[in-house]
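Here's what Swiss-Prot has on this protein:
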type	residues	note
ACT_SITE	137	active site, proton donor
ACT_SITE	151	active site, proton acceptor
ACT_SITE	155	active site, lowers pKa of active site Tyr
BINDING	13, 34, 115, 151, 155, 184, 186	NADP(+) binding site
């Protein structure tokens, strides 16, 4: 049984990862800002293997102390950074507050959370558990779609961080990977981008969250994979 911390666990991809992985017998500790939706997610998780799932109400931009408390109470071995903020305006029309929110949520919080996890794992170096950091990136990190420049920058940074961090900690038995999904059918996707996506994707449709979770599960289970950015794009 893995013990997994999942940010962005109240909706979308983070929620679906928690649901499917709980069905596989893993214990999930979900983090998000919306208490109602977190409780809804928690109630939907399987406990067939006796898992003790938890929720933590926290904003990854500012509540690192709340996240640290999870590591202090549970021997977390997997961290999934699924929290994210999208952008749907040109850079010149994006406020400084929005820019800070996008960069902090999508990139800076992932860096801080990864550092926190690694330091905790260093303190417990005798553990034989496989340890994994899994970041949720985006095809938009390299696909030039007007109106997503700040978001794209945050995800490009996240992918570079993933690759270099993987090289830094591989010898310590810690794996770091990311998935790079194309357009996924989640509440996060605006109607404007949804319409563009359905025309642009060669396969002709949006990805389901379950298809993206399948890729996450591969990176979870394959212990020889690290420093990998796995694209799931429908040919985009």
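Even glycines carry a Cβ here, placed using N, Cα and C.
Annotated features, which come from Swiss-Prot, shown on the structure.
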{"residue": "13", "record": "NADP(+) binding site", "contacts (Cβ under 8 Å, 6+ apart)": "82, 136, 181, 184, 186, 209, 212, 213"}
{"residue": "34", "record": "NADP(+) binding site", "contacts (Cβ under 8 Å, 6+ apart)": "10, 11"}
{"residue": "115", "record": "NADP(+) binding site", "contacts (Cβ under 8 Å, 6+ apart)": "none"}
{"residue": "137", "record": "active site, proton donor", "contacts (Cβ under 8 Å, 6+ apart)": "155, 158, 159, 162, 178, 179, 180, 181, 229"}
{"residue": "151", "record": "active site, proton acceptor", "contacts (Cβ under 8 Å, 6+ apart)": "85, 86, 87, 102, 106, 138, 140"}
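Counting every protein chain shown, 22 other Cβ atoms lie within 10 Å of the Cβ of residue 184 (NADP(+) binding site). The secondary structure of residue 34 (NADP(+) binding site), as reduced to three states from DSSP, is coil rather than helix or strand. Spanning the listed NADP(+) site, residues 13, 34, 115, 151, 155, 184, 186 have a farthest Cα to Cα distance of 28 Å.
Of all Cβ atoms in the shown protein chains, 25 besides its own fall within 10 Å of the Cβ of the residue listed as 'active site, lowers pKa of active site Tyr'.
Secondary structure at residue 137 (active site, proton donor), taken from DSSP and collapsed to helix, strand or coil, is coil. The Cβ neighbour count for residue 186 (NADP(+) binding site), using a 10 Å radius over every protein chain in view, is 20.
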